[in-house]
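K.L.:
Below: one structure in structure tokens.
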């Protein structure tokens, strides 16, 4: 590459300096890249599900150091783990159950969401207050925090967007849609006041449908919350929430907290069944329940394709319509389901012209003339011409060669070919003699 050239009279010195600097920058980048070998293949993923990490290495070819990194990472296995797989951090803690700690065996439980060092393996001995760092680094792909996709890689917490890309800032909206605008769900906010009695010990607070997210309920008073569930297949269940903790109800993680005169219920979702939150009378005073959740708009208007054109040629019209679509069952349902959501605005029909090509020329005939004879065979005729029809429906005569692709209709035909009526003479009757000749 030519790095410098002779200045011609009038060439600005600043421009020459720019050429020289650009040449040096390009050459230094080429030199830097040439010091590295090509990137190697990607390693096996650190996890088989739930989001893991894979790495690729490259080798420095210089006898000195190379600029840049010799390792790069990407996410992998970004599919949900089955519920029975358990928590990845919990698996790493339980792997130490058969290793003595200060001469004792413990059953280790994970300590999550450490604000200071989320990527160290801290575990708590079950049934005790003993918390120990069992490893300085968790395995690659372990979530930094339970409520984000950020993952630990080589002991450092790396940002992961909802698109599962490292360094991405893409986030889910309240409806669970990555980079969504929140239009596929609606915020439901409500207040319930119990009116239970000795004859009515239970009541329904709210029914929360399948797919709902970010569910929060707070009860204040002496009564008690519990759950009923119903799957899409119709299977029913119940959870009495007898003690505080985190429970798995129909594959949804439910966090229940209980305090004197107060209960909190939180479910991140999305729900995999319909949840019915109920209240049980536990004292003489009434209770109040505040609740919020994001309900998916499971019935949405869907624009249909255009209906068939009103004409096959010469210009016609066609319309679209809108149908109510159930996103859960993937089928069309009655319009009333879509009218339930104020956010649902039915699309207006679209109108467009279609089949604008002129209709092909055709033979057109006038009515037959009267037959030339009323019987005995005659001839009748008609005029046959080649015509075209434009998009406005106007018919005009054109040259006959335009219609030669179809047989021309006959212009004459026989008619009244039956025999004409005629007189037919019979045999003479016998001769009769008048009476006045007979004596």
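We number each residue from 1, going along the chain as drawn.
Placement of Cβ uses the backbone N, Cα and C atoms for every residue, glycine included.
Caution: TrEMBL annotation is automatic and unverified by curators.
Just so it is clear, the model here is predicted, and its values are computed rather than measured.
So TrEMBL has the following annotated:
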- 45-76: disulfide bond (DISULFID)
- 49-81: disulfide bond (DISULFID)
- 60-66: disulfide bond (DISULFID)
- 103-185: domain 'ADAMTS/ADAMTS-like cysteine-rich' (DOMAIN)
- 189-296: domain 'ADAMTS/ADAMTS-like Spacer 1' (DOMAIN)
- 1-28: signal peptide (SIGNAL)
K.L.:
Round to the nearest Å and give the CA-to-CA distance linking residue 60 (disulfide bond) with residue 81 (disulfide bond).
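P.N.:
Cα-Cα distance, residue 60 (disulfide bond) to residue 81 (disulfide bond): 38 Å.
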K.L.:
Sorted by position, what residues of the same chain at least six away from residue 49 (disulfide bond) have a C-beta under 8 A from it?
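P.N.:
Once residues fewer than 6 apart are set aside, residue 49 (disulfide bond) is near 77, 79, 80, 81, 82, 85.
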K.L.:
Report, as a single number, how many Cβ atoms besides its own are within 10 Å of the Cβ of residue 66 (disulfide bond).
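P.N.:
That number is 17.
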K.L.:
Could you check the disulfide-bonded residues 60, 76, 81 and say which one's CB has the most other CB atoms within 10 Å?
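P.N.:
Comparing the disulfide-bonded residues 60, 76, 81, the most crowded Cβ belongs to 76.
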K.L.:
For residue 76 (disulfide bond) and residue 66 (disulfide bond), determine the Cα separation and express it in whole Å.
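P.N.:
Rounded to the nearest whole number, the Cα-Cα distance is 28 Å.
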K.L.:
In whole Å, how far is residue 66 (disulfide bond) from residue 45 (disulfide bond) when you measure between their Cα atoms?
P.N.:
27
K.L.:
Within 10 Å of the Cβ of residue 45 (disulfide bond), how many other Cβ atoms can be counted across all chains shown?
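P.N.:
Step by step: centre on the Cβ of residue 45 (disulfide bond), count other Cβ atoms within 10 Å, giving 19.
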K.L.:
DSSP helix, strand and coil counts for the domain 'ADAMTS/ADAMTS-like Spacer 1' (189-296)?
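P.N.:
Counting residues per DSSP class in the domain 'ADAMTS/ADAMTS-like Spacer 1' (189-296), I get 0 helix, 66 strand, 42 coil.
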